[in-house]
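Participant: Please see the structure below; I have some questions.
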Amino acid sequence: MKWTYPIVAFTIFFVLGFGLVNLIKEDLEVAPWAGSTATEGRLISHTKNVTRLVNASPADLHAYLKTAIPYEEAQTTNMAPSEENWQDFFIASLNVNPEARHVIILPGGDKKALAWSLPALYYAYFYGSPVIFYNNGELIGRENVTNAMQAYVLGTEQMVPDEVLSDFGDVERISANSPQQLALKLAEYRDEETEFGWGREVDRDNGYFHYVLTTPEDALEGLAAIPYAVSNNASLLYAEEDGGISGELDRYAFAQRADWFVTPSEGPFRHFWFVSNRISYAAQGRLDFSLEKAEYASMGPIALGDTEALLSIFFIWGIASALFVWIHSLYFLPMVNMPIKIGWTLASLLLPVLGPVLYINSYRRPAKEVDDGDWRWIRSHNQQSATATIMGFGYGAPLMIVVGFILVWFGFPIFFGEGMEGTFFWLGAGMPIMMIAMYIFAVLIAWALVQYPMKKSMMPGMSAKKISKMALITTALSMLAVSLGMMSVSWYMFMNKIPMMPKEDDVLWFASMWLASFIGFLVAWPFNWIFIRKQLKPGNV
Amino acid sequence: MEITATVLLFAGAVLGFMAFTHLSMNMSVPKMIWLSHVVLVALGLLALIINAFTTDSMEKHYNLMVIFVIALIPALTMFAKKDINTRKALAIVYGLTGFFGLFWLITYVLP
């Protein structure tokens, strides 16, 4: 029976630990709310700041843009781009600027080379830069440029080796770990002297340029859309292969949000043109939002808000409190039983600062060994109530969060049958179902694996049936008290305070649950005062 | 192979948690438990390495290998230290680092 406590602790640690690591990873690698799931089959053609050019093939897109962009200077050659002819297509379409101050050297050949070259091809098309392709050990187009021009090499050394560049006087290589990163680098890079690079860093003063977005796999569609480089001053950016967008692109896009000064109707507007059908609707929604004009001198309702910042601090204090109590009890309280230590540690996780304060207050008092290895501490009634609350709360509240996390991660059914009409309509909504499930599952697990064995070891003389009943009643009542505070606060946070409903990969989800649990503890504390008075729970262990 | 590595490392983590529970109560860790933990973790890491060589995906999990190598430092040091308090401290560092790596891996495996 003693193994039940570590099993519960392991489950809580495993699920919440995974959730928190996932949170870090999501925020580092993928933009929030811009994954690739749950998007297929929706309306995906057009949003305010994004136009999706749904197309059957690069040839289809090329033909469409021939008529859709009627500007002579933006027109490409008549042949459609393909994997075989993409270099020829570009060279035939390019109008070289006779006063160009630089030359661009790019990998040529297969589709992978195109994916790496495309961001620079957009700039070359916009500016009229001479372009040299390196393919099969040869520099194609070398004869058209002089050695005196500054050369920019795009891509890694494996793609364009240093040896072949010895002819050029001044060479600068711009490379990255992926085509996505290279595109972003080029979007921000600028050398005024040689007039190379878009130089679009944080710039919110105008709306005079656009973006074309594709994926490296759909680089040919990106090439077919190259007229936008001239007609709309568009830089090329890449989404991820799975249709989501990276945290880096998200950061960049939000830095491009333009301001309005007097009225939001001021134009022109920045815009994304999507030419890959792989890009998800969530990514589209996110980028649409990123370019939405904000009021002067504000980033609008994005960036780290006050609630997010405060709750993150609260939540980090919780982790620090749990670590303190865990390590301290491990080294300095050998006479305290393992289940009690686990209870204090898990409770401290949800009770930043208050948890360690109550813990220290509980164990700095005189203690007595009542039985072999069984110690009791002399505590006031209030302190006993706090300890009794911790024993239920420490296991119950994290279990409720664990159940909630699993439900939001995997999803849960929402019923809207006829029986759910009228008075009981709320039973069919998501939040009540989640709250009921959190309570029931957490009570059952805590009762069977924690409270029953705990009471059994403390009252060996009592019958199993009586202990079981007593454990169920105290667990259910104690957690009902916790739920009163916890559910009310989580309802307020999710449905009222936070403008956008947070998901499980959002720090606000975890932080709201932490705050709700804290309030849940404060509500349950007085109820446990009664349990101590009636000797239904021990408060001096 | 990614899923195999996850399953092996998860089983290793469960046994590691059991070993730590013994250690935290100042009990000696049963040989069967720590030996199974070592075998499962070693097989899990081997599966990760094979995955890096065989997968077509861009993600080879090199970052995870670095995390696990960092976790191995306190783990191996535990064999050299006899003092229970030092071993507890090393086990905490090893456990937290190892679990971080496992969670990171699971973020790739779960749908």
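Quick reminder: no glycine exception, Cβ is built from N, Cα and C everywhere.
Predicted automatically and left uncurated, TrEMBL annotations should be read as such.
According to TrEMBL, the protein has these features:
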| type | residues | note |
| --- | --- | --- |
| TRANSMEM | A:6-24 | transmembrane segment |
| TRANSMEM | A:309-330 | transmembrane segment |
| TRANSMEM | A:342-360 | transmembrane segment |
| TRANSMEM | A:386-412 | transmembrane segment |
| DOMAIN | A:416-537 | domain 'DUF4396' |
| TRANSMEM | A:424-450 | transmembrane segment |
| TRANSMEM | A:471-495 | transmembrane segment |
| TRANSMEM | A:507-527 | transmembrane segment |
Participant: Considering only Cβ pairs within less than 8 angstroms, which of the stretches A:309-330, A:342-360, A:386-412, A:471-495, A:507-527 has the most against the transmembrane segment (A:6-24)?
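Facilitator: By the under-8 Å Cβ criterion, the transmembrane segment (A:6-24) pairs most with A:386-412.
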Participant: Who are the long-range neighbours of the transmembrane segment (A:342-360) in its own chain, taking Cβ under 8 Å and residues 6 or more past its ends?
Facilitator: 5-6, 8-9, 12, 314-315, 317-322, 324-326, 328-329, 383, 386-387, 390-391, 393-395, 397-398, 401, 514, 517-518, 521
Participant: Would you list the DSSP helix, strand and coil counts for the residues of the domain 'DUF4396' (A:416-537)?
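Facilitator: Split into helix, strand and coil, the domain 'DUF4396' (A:416-537) gives 100 helix, 0 strand, 22 coil.
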Participant: In this predicted model, what is the average pLDDT of the domain 'DUF4396' (A:416-537)?
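Facilitator: Residues in the domain 'DUF4396' (A:416-537) carry a mean pLDDT of 86 in this prediction.
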Participant: For the transmembrane segment (A:471-495), what are the same-chain contacts with Cβ under 8 Å, counting residues 6+ beyond its ends?
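Facilitator: Distant Cβ neighbours of the transmembrane segment (A:471-495) are 389, 392-393, 396-397, 400, 431, 435, 438-439, 442-443, 446-447, 451-452, 454-455, 501-502, 508, 512-513, 515-517, 519-524, 527-528, 531, 536-537.
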